[in-house]
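Features as listed in Swiss-Prot:
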{"type": "BINDING", "residues": "30, 31, 32, 33, 34, 35, 36, 37", "note": "ATP binding site"}
């Protein structure tokens, strides 16, 4: 469902704004520091309950204010509007409303508002540690497997308890009860992740080939422990090692998505522009797979569109996004940088000093 209206209050340098949106492309044009990234950040907050730039609530609430509000309205398939909103206080408390009902959970926001973010720091998906790629996988599994969210949360709680027990246990028998449930959850989580990658990777490899035709892309899922050994057996066999480490070494919390081009890790081959295109391809592939599996459309947030991309690459990305039919929000310093994306269905907003005006 596309956002039809966005209301932001007391968020960073945006005192208040109320804008009507296009179901297609929405362009935010303005100089650095004008507030265009803050609009994307506010939409992200609406879908995730947190900022993508700061984990500290106080930093996104406007100075001398005690709270912020972000509200949105969606048009569903019957063209009825569904309101959603989030209010965050400086003390860290949060209130979520969906359809006018208070007390909703952040996970429900994410279900209603599936978002894909592409921003200048997004290279970490390819160049940093496995946690970024686990988050990438888990975004997809969360939206396609209803049991995943609770199972993953329970596994993390049990893993924390197990790590505490490792410090005091005199024998493995003291952990065996916990390990049975951990193993059951781990096997389920791994199966869901593996299935997701198998289903999504054909789409991802095809789009990557379109963006980077000179390379052959390979995606391979690693589950976090030996693929031929049951997880409970791993836990028992590695008990003494885990004790000496003080934590559980193997498990779904160590899973990774290994990405190579022409058989070599991507970070050793691709330029920054090529890395950005690869990130874009993977994000678009996730959105397309989501639509194929659930009928939901993803909303794309693209910050600093022209960064690292020449005009030819910008056109490739623009054409691919247009083909999805999804709602897209793009920030850019000048209109020239988004010329390939402009059409009659798009909407242009000029942003300056936190004020947002529609053309």
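Placed from the backbone N, Cα and C atoms, the Cβ positions cover glycine too.
The Cβ neighbour count for residue 33 (ATP binding site), using a 10 Å radius over every protein chain in view, is 13. Neighbour counts of Cβ atoms within 10 Å were compared across the binding-site residues 30, 31; the minimum falls on 31. Excluding 30, 31, 32, 33, 34, 35, 36, 37, which define the ATP site, the same chain contributes 38, 331, 333, 351, 352 within 8 Å (Cβ to the Cβ centroid), listed in sequence order.
Its own atom aside, the Cβ of residue 36 (ATP binding site) has 27 Cβ atoms within 10 angstroms in the protein chains shown. The Cβ of residue 37 (ATP binding site) lies under 8 Å from the Cβ of 53, 303, 304, 331, each on the same chain and at least six residues away in sequence. Using a 10 Å Cβ-Cβ cutoff, residue 34 (ATP binding site) registers 21 neighbours. Between the candidate binding-site residues, 32, 35, the densest Cβ environment within 10 Å is the one around 35.
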